[in-house]
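Here's what TrEMBL has on this protein:
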type: TRANSMEM; residues: A:21-44; note: transmembrane segment
type: DOMAIN; residues: A:26-184; note: domain 'Cytochrome c assembly protein'
type: TRANSMEM; residues: A:56-84; note: transmembrane segment
type: TRANSMEM; residues: A:91-114; note: transmembrane segment
type: TRANSMEM; residues: A:129-149; note: transmembrane segment
type: TRANSMEM; residues: A:161-181; note: transmembrane segment
type: TRANSMEM; residues: A:201-222; note: transmembrane segment
Amino acid sequence: MWRWLHPYAKGEATYRLLGHWLPWLAISAALSLLVGIVWGLAFAPPDYQQGDSYRIIYIHVPAAIFSMGAYTGMAITALIALVWQIRTAEWAIAAIAPVGAVLTAVSLFTGAVWGKPMWGTWWEWDARLTSQLILLFLYLGVLALYYAFDDKRTGAKAAGILALVGVVNVPIIHYSVYWWNTLHQGATITKFEKPSMATSMLIPLLICLLGFALFTAAMICWRLRHEILRQELHRPWVQQELIGQEKLN
Amino acid sequence: MAFSSFQEFIVMGGYGFFVWLAFGGTFLGLGLLVLRSVVARRHLEKACADHMRRQERLARRQKQERSR
């Protein structure tokens, strides 16, 4: 049943597959981000309470959701790497972590800039904000561990264990607004009910969500391709890929 | 269109500073990520070329030593 997956344990096969996906992901990410952000900034109606400041939602919420989504994905690849010892899965940890870290930083930054006019403070040590800050530190820790060892596999293993242990933080972030009395508001769309948002505001948000998802996927593909090249730099197929056939002979 | 003029669009009902700071910061962050990947490819090409040149030099020296 899983036999079709086996060739992708080899770096070159995965590299080629990602190469097929990358242009489509990149183009659709750029298009949906452009449409979603322009729609959200210029065409969506202002909020009756927050005026035009609420427009930060169009980047804040997607960045926050996919900072957690990327972490969950990284934890799953870490599990695969640790259990089945598949090297491409190890490399995926290093490909996902920087993308997730940037998304987390963006969510924290846009949150602070949104918090200042609405809450009167850039930062508050409330449960949602603090747990999201811990997510950033987890990403940075995973990255630091990955590159901290002379033996690359040891580094990948250490990073994988931290990524797995740290996944406990993801549900904590999500439920923090229910479990504790936070300054941060509750969920608007990630719940099992009708979203508490007008359709005219919701549609551009959904497009932005799609755009961030595609952007995240594209960046991970791109970075994983580079990580595969880096790890197999001394193999003939990589030399052919990087330098080109004509210069080799 | 939620705004009647470009001026109004920039002012964002008085929240212009915060809205544009948030969007600017986001584009800076995502842009740096993209830029790093562009540069990474160039670094890889250089590392690969360096490695191949080293291998070639090594092979040449070994050949010389054998012929001596």
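Heads up, residue numbers simply count up from 1 along the chain you see.
Yeah, the Cβs are placed from backbone N, Cα and C, and that goes for glycine too.
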With CB pairs under 8 Å as the measure, which of the listed stretches A:21-44, A:91-114, A:161-181, A:201-222 comes out on top against the transmembrane segment (A:129-149)? A:91-114
Intrachain neighbours beyond the transmembrane segment (A:201-222), with Cβ under 8 angstroms and 6 or more residues off its ends: 18, 21-22, 25-26, 28-29, 31-37, 39-40, 43-45, 47, 54, 57-59, 61-63, 65-66, 69-70, 73, 92, 95-96, 99, 103, 189, 195
Per-region confidence, the domain 'Cytochrome c assembly protein' (A:26-184) (mean pLDDT, whole number): 94
